[in-house]
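If you look up TrEMBL, you'll see 5-360 marked as domain 'Aminotransferase class V'. Here TrEMBL flags ARG42 as L-glutamate binding site. As annotated by TrEMBL, pyridoxal 5'-phosphate binding site applies to TRP101, THR151, ASP175, GLN198, ASN240, THR241. Marked as N6-(pyridoxal phosphate)lysine by TrEMBL: LYS199.
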Amino acid sequence: MQRPFNFSAGPAALPEEVLSQVAAEMLNWHGSGMSVMEMSHRGPEFTSICETAEQDLRDLLQVPANFRILFMQGGGLAENAIVPMNLSSGGAVDMVVTGSWSTKSADEAKRYADVAIAASGDSSKFTRIPDPSTWALRKNAAYVHVCSNETIDGVEFHALPDLKALGCDAPLVIDCSSHQLSRGIDWAKVGLAFGGAQKNIGPAGLTLVFVRDDLLGRALPVCPSAFNYKTVAAAQSMYNTPPTFSIYVAGLVFQWLKQFNYAGKTGVAAIEQRNIDKANLLYGALDQSNLFENRVAADCRSRMNIPFYLRGDYNTPELNAAFLTGAKARNLLQLKGHKSVGGMRASIYNAMPLEGVQALVAYLKDFEAQHG
Ligand code: PMP
């Protein structure tokens, strides 16, 4: 039986091969007689799972040696507090607001730091990213925060800003929750990257943090020790019990990705190419349609999260509902847009095959032929 195509924004679809392997290993991992859920996080079995996962992730993203990879908990929203507690020293923090998630990050950071909005895409209704040359960056900023892919608004930084070239020495912090591992990361431009695992990486409960060595050891006294990056790094993410099962599944996803081939490429380069092809296919269909539209400026469109709406007078509650009911009947699941913006959203993360996007495009065309 073919599984439906699942367009959830997160927790999201995982590669079927990984789910099958998890099922096969559920009761007895590698002859240990235990499920991974039942193992001590300090035992030799889980230690090997965790070390392999970290090394595979480091290889996949070519993480430089002066960055630590931390497996934490709390998700992206907790990082909105954990980052300022660790990096701001209670001083100036500059935030670039490009949609719902960076808005939330700015609001949370205000509790710990002197936050200024360096730029906002508000006036374009978050359909474009303000050009970095226009950002008002302060000389004394402890860091500059951007959300490199806005999951709700569907805007993505296709290149990270080069703060040094803008005359700013502060480290760049990126919330890459919803596109991490969909492409490479230009580490020379980044001080810290964080993201919840539940979109491109594995089950909810695991948060990935990549932090440059020189940013460790600056935490405010109020920072809980389990959220102090220096403490977590010193304990190799074992200061407290990490989300062991999520780390295990993430590790299997890393192995899947290492072997992933597409268009003559392997690994992250291959998945990036497939993500480009999937996004082009869907945006192309939306742009040609007289019934549907995506409103994001072409050079800021997310490859991962594609919000779309019925155009003008067609945009009625009844027709939106009919679209979603018809989608489900065709095994196209979880296409409802975020409640704050309405409409539809297709999240097409790494695990979504090209065939899933082809099936969605075919449905868009059929729906338009019937209702347009
Ligand atoms: N940042 C981004 C870009 C997100 O997409 C999300 C979740 N959708 C969050 C932060 C919040 O993450 P969490 O739910 O893991 O706290």
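Note: Cβ is positioned from N, Cα and C throughout, glycine not excepted.
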Largest tally of Cβ atoms lying within 10 Å of a Cβ, found at which of the recorded positions ARG42, LYS199: LYS199
Candidate with sparsest Cβ neighbourhood (10 Å radius) among THR151, GLN198, ASN240, THR241, the listed binding-site residues: THR241
Recorded positions close to ligand 1 - of ARG42, THR151, ASP175, LYS199, only those whose C-beta is under 6 Å away: THR151, ASP175
Cα-Cα distance linking ARG42 (L-glutamate binding site) and ASP175 (pyridoxal 5'-phosphate binding site), given in Å to the nearest integer: 30
Pairwise CA distance, ASN240 (pyridoxal 5'-phosphate binding site) versus the residue listed as 'L-glutamate binding site', rounded so that it is a whole Å: 10
Distance [Cα-Cα, Å, rounded] between THR151 (pyridoxal 5'-phosphate binding site) and LYS199 (N6-(pyridoxal phosphate)lysine): 10
Mean predicted confidence [pLDDT] for the domain 'Aminotransferase class V' (5-360): 98
Rounded distance in angstrom between the Cα atoms of GLN198 (pyridoxal 5'-phosphate binding site) and the residue listed as 'L-glutamate binding site': 24
Around the Cβ of TRP101 (pyridoxal 5'-phosphate binding site), the count of other Cβ atoms that are within 10 Å: 21
Integer Å distance between the CA atoms belonging to TRP101 (pyridoxal 5'-phosphate binding site) and LYS199 (N6-(pyridoxal phosphate)lysine): 15
Residues TRP101, THR151, ASP175, GLN198, ASN240, THR241 [recorded pyridoxal 5'-phosphate binders]: greatest CA to CA distance in Å: 30
C-alpha spacing of TRP101 (pyridoxal 5'-phosphate binding site) relative to the residue listed as 'L-glutamate binding site', in angstrom: 35
Cβ neighbours of ASP175 (pyridoxal 5'-phosphate binding site) where a neighbour is any other Cβ within 10 Å: 27
